[in-house]
Amino acid sequence: MFFPNGCAWSELRVPEPTQPSRNAQWPSVSRRNWDALHPQERAYVSDAVPLRRAQFADARACAINALSDLTGYGHADTVIGKGERGMPLFPHDIVGSLTHTTGFRAAVVARTDTLKSVGVDAEVAKPLPDGVSDAVLTPRDLQHIAAVQQHGQQDVQHHVGDLQLSSAEKILGTVVFSAKEALYKSWFPLARVFLDFAQADIELHHDGTLTAFVHHDVACGAVPRTIPGRWMVSSGYVVTSTWITPIA
């Protein structure tokens, strides 16, 4: 499974323009999801362009669906708040994470007796833009990427879906970028400390798992510095997850 047992996951794929603008048309499903939002939730992105509001509404609709799957009852009236640094605020005894990118939205939730925190991130499966790699990838990240590439084409190809291997290897940097985004989402709600890209290393394993290592110069209290997760590339998207268990 992509998440530990006890998690609920919901995703949505929608057609949308690659460049947001104030004149962009809303996908019909996004319009319905926006209309279903609580006024408090709409206020969080009231000044955003329509596409950003659509992504916001869709991700929260995924969260409501995941909550319903997790608890066994509807959550149409549930408000998912917006906390410090934008982290989503779920009902009592629930943790979760949201993500959205071009054409893809998703959410994962779990009870606090299953996980202390969870993070998920999705990115379009393409190489990092020029100049971004230097800001995101540490020397150890690069070593780990090289190790995955050298492990064997068959194992790597198994976790990159329908991409050609040459393309797959080029987007492993994007996988690490995404994993650091997921790491931050699981880290910050517990540590309440900002975590920069350069303050953590990601080790991708050829079996689709990953391990995140937070550097020792980052104050973290009781939050572990070694955090597990998973990665995959499928249908044109990179998806990564990390989580922290109650016994960690």
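Heads up, the Cβ atoms here are built off N, Cα and C, so glycines get one too.
Given the structure is predicted, the values throughout are model-derived calculations rather than measurements.
Annotation source TrEMBL lists CoA binding site at ARG52, ARG60, THR99, HIS100, ASP121, GLU181, LYS185, LEU195. The Mg(2+) binding site annotation in TrEMBL covers ASP121, ALA122, GLU123. The domain '4'-phosphopantetheinyl transferase N-terminal' feature in TrEMBL is assigned to 40-110. For 117-220, the entry in TrEMBL reads domain '4'-phosphopantetheinyl transferase'.
HIS100 (CoA binding site) counts 22 other C-beta atoms within 10 Å of its own C-beta, drawing on all protein chains shown.
By the criterion of other Cβ atoms within 10 Å of the residue's own Cβ, the least surrounded of the binding-site residues ARG52, ARG60 is ARG52. Residue counts of the domain '4'-phosphopantetheinyl transferase' (117-220) by helix, strand and coil are 53 helix, 19 strand, 32 coil (DSSP-based). Under the DSSP three-state reduction, ARG52 (CoA binding site) is assigned to helix. Here the domain '4'-phosphopantetheinyl transferase N-terminal' (40-110) is broken down by DSSP into helix, strand and coil counts: 30 helix, 19 strand, 22 coil. Around GLU181 (CoA binding site), the same-chain residues six or more apart in sequence whose CB sits under 8 Å from its CB are THR99, GLY119, ASP121, GLU123, THR240, listed in sequence order.
Candidate binding-site residues: ALA122, LEU195. Fewest other C-beta atoms within 10 angstroms, LEU195. ARG52 (CoA binding site) sits 15 Å from ALA122 (Mg(2+) binding site), counting Cα to Cα. Counting only residues at least six positions away in the same chain, the Cβ atoms of MET87, SER97, VAL118, GLY119, VAL120, ASP121, THR242 sit under 8 Å from the Cβ of LYS185 (CoA binding site). Set side by side, the binding-site residues ASP121, GLU123 differ in how many other CB atoms lie within 10 angstroms of their CB, and the most is found at ASP121. Spread of the CoA binding residues is 24 Å (greatest Cα-Cα distance among ARG52, ARG60, THR99, HIS100, ASP121, GLU181, LYS185, LEU195). ALA122 (Mg(2+) binding site) has HIS100 nearby among the binding-site residues ARG60, HIS100, LEU195, counting only those with a Cα within 10 angstroms of its own Cα. Neighbours of the Mg(2+) site: apart from ASP121, ALA122, GLU123, residues of the same chain with C-beta atoms within 8 angstroms of the site's C-beta centroid are THR99, THR101, PHE104, VAL120, SER178, GLU181, ALA182, TYR237, VAL238, VAL239, THR240. There are 25 other CB atoms within 10 A of the CB of THR99 (CoA binding site), with all protein chains counted.
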